[in-house]
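Note sheet for the following structure.
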């Protein structure tokens, strides 16, 4: 026997609370209401939900894990990834390869795959967005990697020919690895917003250290508004 | 811990831990006992009232008895228990379809007393509908007191009705079938099993108290093929009689209401006047008085007075007496008069047959009386199964089953041409209140606006700049934006994304256009208490896909067809499943 709050049960069945309340009153669902608590046999309710093509998931502690994405801003992702100052690199592929190897917690078996995905994306349309900036990323997130989004920043010693839209060689690259497409777009939108700022651009030209970069971007992100940060 | 708290705890444990199906079986037995007792009580009450009046039957003023009985019955209903009149059965169907089977406690006994007064004094009505109402009310109130949910309560209502019918006719299958076919209108195993058990309990109880009597015992008939074929013709007669009865009741009711409003008659005087007419008919044809089962026994035994014209006149007299009793507001059922008239119709048909084809060796007229009963019942109630099983059970003969099925089936179909709905459902259908589970009307009735309303619309203020609105657009999920007055919070209009789209990329307008200039002012709104059926009708008529919900000039949310479909499907699946 399981005992859950009415609201939690309704959320688990993806129903409005009013509907669940009415169904219990009408006896259409194998749940008994005792003092605003739903009492039910878990397997019976799961079977009922299956029969009626309804989702049924009890999320008691899941709310915390849901919050992860919400709090995951640009700063956190940058913090997780390295900021690299590369001394020598032959070409675009070599540059990307060095960045892939710097990805934290990436199993060595997946390194080749990731590089392949990055190059595949570059071959469609270059991720060199102009003014010497490139945002390489795989077209779709890798399976089960990463658990939390991260961004690897690289400043090659000499600007590298990247096939960017405006033809300029790139001097800074942000490798975006997100948990899912939604998180990816969220990060991309944040990053592009920051990069439009001339002060940020000027800072990037100086090839700053990780701490300086983080400080600047964190301030910028904060200005974007708390409200937006908390919205998925 | 004291006793009540202990019992409460035990009850709550039982409710949550016991298998619901087994639980309902147990409850069915409890309800079955009470339903059976109600039927036995009514039986005794009618006999008692009839015995009370029997001493006065020979007096000159005895024709006043039905008037007194009917008036007293309606007075009792109107003034003492304060309930509306009516058969009882439509009220139960209405309660089942609209209120989850909720019936008032006083209905458990009110119609038993009222109908025993009507019938015992000679009114032409039956005890079945009142006892169905009592049984159903018993089931409903047991369910209510124990805090059961609506579906369980509806099952208990059915259990009460089935046990009452089973008990009063000594016919458990008929009780069960009547409940499923007429009262609940759906066949589900979750309903059928408890109702079966309740019918058995009720019937067993009445057998224990009354003995296992078959109400209309019949001899062996020796039915041949030509009799079965001829029974199809009987269906024509019973259908005509059924249509005549249903229309006669309606006309009589209309007439009585008209006269009552003209002469300012109270309901009980009205019933009394109806009873007076019944009494006067009774002077010439005493056979029409009361439930009339004695006459049925005579007819089945083949001992009824002879003559085609005589039977026809008696049939019309009985019909008139019934319409005067029930149409003028008397309390009682249509079941028993239908059986009597059906037997008469069967007799009439048999005598016509014998007159036309004297050379053919027809089965005796008692058999056709039986078939006529089934035919008329099937036509009036639009319930062929109930008719077949009831006649089959109350006569104790399996032999008649073939012609019985023929006459019931044909009579139901033929009657439908004249009267598409049964006498019980007519008024409900006319008021658009017959809502069987799983129908469109029922699904829409159950869904409330608060359940299907989308609450994640972002309100904007009427003096908001387009620039700010575009900023807000980024975080919105909906295409509709209600516009509110900043000072009062009143809803003033709606902005749709389509209205903004042309100016979306025109930076010049960002700081020059206000939301007020973009919004629609005369928006059709709905109130949270509106019925969804009406709202959908409005949407269809105006070609809308969504409408704002507004209460007290405050925006509450949006109703959209897309979300509604989602909820509608869920509701339909849940309503039509048998779990």
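Just so it is clear, glycine is given a Cβ too, placed from its N, Cα and C backbone atoms.
Checking the ranges B:207-227, B:228-248, B:312-332 against TrEMBL, the transmembrane segment annotation falls on B:228-248. Counting only same-chain residues 6+ beyond the ends of the transmembrane segment (B:368-392), those with a CB under 8 A from a CB of the stretch are 169, 171, 173-174, 177-178, 181-182, 216, 218, 231, 234-235, 237-239, 241-243, 245-246, 296, 299-300, 304, 334-335, 338-339, 341-350, 353, 398, 400-401, 403-405, 407-412, 414-416, 421-425. With Cβ pairs under 8 Å as the measure, the transmembrane segment (B:228-248) is packed most heavily against B:334-356, out of B:21-46, B:154-178, B:268-296, B:334-356. When the domain 'CBS' (B:453-512) is classified with DSSP, helix, strand and coil residues number 18 helix, 15 strand, 27 coil. Computed over the domain 'CBS' (B:519-574), the whole-number mean pLDDT of the model equals 90. Residues 49, 83-85, 110-111, 113-115, 117-123, 267-276, 278-280, 282-283, 289, 325, 328-331 of the same chain sit 6 or more residues outside the transmembrane segment (B:58-77) yet have a Cβ under 8 Å from a Cβ within it. Where the transmembrane segment (B:334-356) meets the stretches B:21-46, B:154-178, B:268-296, the count of C-beta pairs under 8 angstroms peaks at B:268-296. When Cβ-Cβ distances below 8 Å are used as the criterion, the transmembrane segment (B:21-46) is approached by residues 14-15, 108-109, 112-113, 115-116, 119-120, 127, 130-131, 134-135, 138-139, 142-143, 146, 148, 152, 155-156, 159-168, 190, 193-195, 197-206, 209-210, 291 of the same chain, each at least six residues removed from its ends.
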